[in-house]
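First up is the structure itself, then whatever we jot down about it.
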């Protein structure tokens, strides 16, 4: 009898809470987000490599919490034209997603990654593709490093929309292009690994993806010298309230900046900030339904990233020259340099990667008596880059022989 009495009271209390209109809101313990895999399915990838990539993606999703109120996944192929293998709302379990990835056919064709990225942007925010509003968005791009079109502009558009970009490159690729494309910091979001060694990074990458989907509290990411991105768990809904973000430079209360955001927002990017400066950040949830405590955070922007300021051309020969630059930045601030050299009149472009801490390199195989444009680009750990250019001219290919002075022959007298 006591059991039925307690059960009846519990059911009555649950019904009363439902009728009262009190909104509990989503909890921060279960990650929510839309995860899009962008796989290079073009002819530049061998069938063996593609099969290894499919196994890798299957490993990633194996233990992730998928479901209508948790994570959702979609897969898009890179080829001559992008192709959706499955949408976000097509599968609701990790096993079903694994099975779909395992049988996904390679599409072949050209490697039009830029076109596929523009398509992925539409998919990530399209309700007809199963995407959800107000949840974190993550894109994982697995590539062999080659692309037939530009990836920079569409990648930047995705990041401007708050999408976190992870890149796994199984080939060399263009270091600067991939650094600029991945979210910051690069050491967390960009991986270079042989296709047979992909399982080595699966656990680390899976954890980073889930962290991006589920911030346990207000936190900062993509910290640069002039801005940073804030993320927080879904504390409100669009109908239950709104947020006020406050940004205060250290010791400058009069310079406070405020931004009001809807209740379904989970991220915001502050820009136009000062380098090497402490900022006090406050997230103030405003709701008439329930009381939520403010969250506070201190963030320090990075120091100004100074790229090459001077280029010196020396040791100029018909088919080679030496390029030096200053200042030489160490590995604490930069990942390295890319030196590019091409004829001003048009022609093939030479490029050399130089490790951090070095500030010179010799470029061989040039054309005699030709003017070149030399560009030195520093790639920073933040994912940004700075470049400086100068002109250089190789020496003539003809060697001028200076005649030796004639000496009097033996037995002859000088007049």
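Using N, Cα and C of the backbone, Cβ positions are placed for all residues, glycine too.
Feature annotations, courtesy of Swiss-Prot:
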DOMAIN    34-213  domain 'VWFA'
MOD_RES   74  phosphoserine
MOD_RES   80  phosphoserine
MOD_RES   93  phosphoserine
DOMAIN    214-305  domain 'Fibronectin type-III 1'
CARBOHYD  264  N-linked glycosylation site
DOMAIN    307-405  domain 'Fibronectin type-III 2'
DISULFID  369-393  disulfide bond
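Swiss-Prot feature annotations superimposed on the structure.
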residue	record	DSSP class
74	phosphoserine	strand
80	phosphoserine	coil
93	phosphoserine	coil
264	N-linked glycosylation site	coil
369	disulfide bond	coil
393	disulfide bond	strand
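Of the recorded residues, the residue listed as 'N-linked glycosylation site' and residue 74 (phosphoserine) place their C-alpha atoms 22 Å from one another.
For residue 369 (disulfide bond), the nearest of the modified residues 74, 80, 93 in terms of C-alpha separation is 80.
Long-range Cβ proximity for residue 74 (phosphoserine), meaning a same-chain Cβ under 8 A and a gap of 6 or more residues, is found for 34, 35, 36, 37, 84, 85, 86, 87, 88, 90, 123, 129, 130. By neighbour count, meaning other C-beta atoms within 10 Å, the densest spot among the disulfide-bonded residues 369, 393 is 393. With a 10 A radius on its CB, residue 80 (phosphoserine) counts 16 other CB atoms from all the protein chains.
Fewest Cβ neighbours within 10 Å among the recorded positions 93, 264: that distinction goes to 93. Annotated pair residue 93 (phosphoserine) and residue 80 (phosphoserine), C-alpha to C-alpha distance, rounded: 30 Å. Here the CA atom of residue 80 (phosphoserine) lies 40 Å from the CA atom of residue 393 (disulfide bond). Residue counts for the domain 'Fibronectin type-III 2' (307-405) by DSSP state, with H, G and I taken as helix and E and B as strand, are 0 helix, 55 strand, 44 coil.
Restricting the average to the domain 'Fibronectin type-III 2' (307-405) gives a pLDDT of 82.
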